Amino acid sequence: MHQYQDLLEHILSDGAEKHDRTGTGTLSVFGHQMRFDLAAGFPMLTTKKLPFKAIVHELLWFLAGDTNVRYLQNNGVSIWDEWADANGDLGPVYGKQWRSWQAPDGRSIDQITNLVQMIRTNPDSRRLIVTAWNPADVEQMALPPCHCLFQFYVANGRLSCQLYQRSADVFLGVPFNIASYALLMMMIAQVTDLAPGHFVHTFGDAHLYSNHLDQARLQLTRAPRALPTLRINPAVRDIFGFRYEDFKLENYDPHPHIKAEVAV
């Protein structure tokens, strides 16, 4: 995945020093874009080991419309714990917006259901969009959405996805985001009888925290390895019917994990 290594190099060489909400400090670039063709393999970073289980369970949690960390904790995933309140609640974050966006007239809009239906019935639509950025709810969210809007595109029997990420923790968060949205694209492609196409990742503020710089430099000393293959149970035809056991990552041979502290 040279695309990710190139982004690390770009930030380290050209990034601007910026202050941030956490008080940690960052090197930051704006408006970067990466593109991954899923025909070349599943874009799971190989220059450090990623926890596939956490990526899958987080996406299933989003798709369930859940906003409490209990499901994640019950499955050994702790990535949202720092932001949860005493009851495990996060406020109206991703799952709420994806599955039950509240309209001013009181309607609840299920963006994922609408998206899948539109891909099936009107694949040339330019409105194949899901947004998690709800200005009316942002102040009630434990963490406003970083990966905040995505759009699908159908051409020549292939389904592609572009993600806009307003804020990107490039060392810790972005590898998760790449794999998560590539997985979502493959799932939706399966239930709409399409082949996976390209995942396009567009960034607003893409940054390395000041306490991740040494880790990024270490990662750049590692050569990317062949991408793994993701197998999905072909019997699942409902986007909300997937379970963790329906996914199998094959031939994943990453370099060792690199530890870094999350900025909260």
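Counting starts with 1 at the first residue shown.
Cβ atoms here come from the backbone N, Cα and C positions, even for glycine.
Some features that Swiss-Prot has for this protein:
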- R21, R126, R127, R166, S167, A168, D169, N177, H207, L208, Y209: dUMP binding site (BINDING)
- C146: active site, nucleophile (ACT_SITE)
- D169, A263: (6R)-5,10-methylene-5,6,7,8-tetrahydrofolate binding site (BINDING)
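Recorded features from Swiss-Prot, shown on the structure.
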{"residue": "R21", "record": "dUMP binding site", "contacts (Cβ under 8 Å, 6+ apart)": "none"}
{"residue": "R127", "record": "dUMP binding site", "contacts (Cβ under 8 Å, 6+ apart)": "M118"}
{"residue": "C146", "record": "active site, nucleophile", "contacts (Cβ under 8 Å, 6+ apart)": "Q165, R166, S167, A168, D169, G173, N177"}
{"residue": "H207", "record": "dUMP binding site", "contacts (Cβ under 8 Å, 6+ apart)": "I11, G15, K18, D20, T26, L27, S28, V29, S167, A168, D169, V170"}
{"residue": "Y209", "record": "dUMP binding site", "contacts (Cβ under 8 Å, 6+ apart)": "D20, T22, T24, G25, T26, D169, F171, A263"}
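Taken residue by residue with DSSP, A263 ((6R)-5,10-methylene-5,6,7,8-tetrahydrofolate binding site) is part of neither helix nor strand, so it is coil. Cβ-based neighbour count (10 Å, all protein chains) for S167 (dUMP binding site) stands at 20. Across the annotated binding residues for dUMP (R21, R126, R127, R166, S167, A168, D169, N177, H207, L208, Y209), the two most widely spaced Cα atoms sit 36 Å apart. In the three-state DSSP assignment, the secondary structure recorded for Y209 (dUMP binding site) is strand. Under DSSP, C146 (active site, nucleophile) is assigned to coil, being neither helix nor strand in the three-state scheme. When secondary structure is read from DSSP and collapsed to three states, R21 (dUMP binding site) falls in the coil class.
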